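Before any comments, here is the structure.
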């Protein structure tokens, strides 16, 4: 019968067991691999990790083929060595926070120096000569409907709208990446921007345009620098930077950067249109914001460099081999 032929013969059933026992995997909760499967929420289609420290090392260290952890200048390499030594005591995120604090001190000093230059320019009636003509041009464009629309837009960059927007974006980025890095960067960038705004207003104390030239609701704090403009450059810039790190095409990166630039430019010009700031207040805010944003991005590059070297077990220059090896890496 056919089914009898399929049964093993007596000879097969009595075959002796092998000398070495077959390996048996113990029952554990540990997965067969510590690498996420391709296409899972933690990876992209190629299986590249997107979250935590591994995601940062695999995706944030290069942009458009440029290695952000490679420093060509001697000063840059010295900075990396110093931050790497600090990270041995504070950890990578602790070193990032300390670096950002030092950057904030530099930004405050830059604001004070900028204030001195600004006063000399105003006294010479150089760039400040643009203030009144530009304000007059803005007034000529006003209409009731446009006033309402631009007031609503400028409120997005105010003391209520901008923090809410920044917190929302920060929460999404931190959750999707399972990392504290977006939180540290956005919070520190915002606090530094606030510090620079307060310092500039107290150092200069410039008067805003006359209330008769402004659109209500009126503002009464000092005019220099434009806090809305400075915050827009810093917050939109750091958010765009974090997003660009994960974008795959040059076109998408250009669009993200352009969107941030348009937002910051529109925010600054809206302040002049409404008569709440002079043009030079906005120009100064853009310059200060760009300088602070560059410092924040530099601090993040140092953080990525330290993370990468710790993952490779590289010690800082001048230390014993193996001294830079991390004990454990966590997101």
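Think of each number as a place in line: the chain as shown, counted from 1.
In case you wondered, yes, glycine gets a Cβ from its N, Cα and C as well.
TrEMBL assigns the feature transmembrane segment to one of the listed ranges (95-115, 116-136, 305-325), namely 95-115. Matching 74-93, 254-273 against TrEMBL, the residues noted as transmembrane segment span 254-273. TrEMBL lists transmembrane segment for one of the ranges 44-66, 182-204, namely 182-204. Feature transmembrane segment, per TrEMBL, maps to range 224-247 of the set 8-31, 224-247. For the transmembrane segment (254-273), the most Cβ-contacting stretch among 148-175, 182-204, 285-304 is 148-175 (pairs under 8 Å). Tertiary proximity for the transmembrane segment (285-304) is limited to same-chain residues at least six positions away from its ends with a CB under 8 Å from its CB atoms, namely 56-57, 60-61, 68-69, 79-80, 83, 92-93, 95-96, 99-100, 103, 106-107, 110-111, 114, 181, 185, 188-189, 192-193, 196-197, 200, 225-234, 237-238, 241, 264, 268. Remark: secondary structure over the domain 'Phosphatidic acid phosphatase type 2/haloperoxidase' (184-297) totals 85 helix, 0 strand, 29 coil, with classes taken from DSSP. Panel annotation: around the transmembrane segment (148-175), residues 181-183, 186-187, 190, 215, 217, 227-229, 231-232, 235, 239, 242-243, 266-267, 270-271, 273-274, 276 of the same chain, lying at least six beyond its termini, place a Cβ under 8 Å from a Cβ of the stretch.
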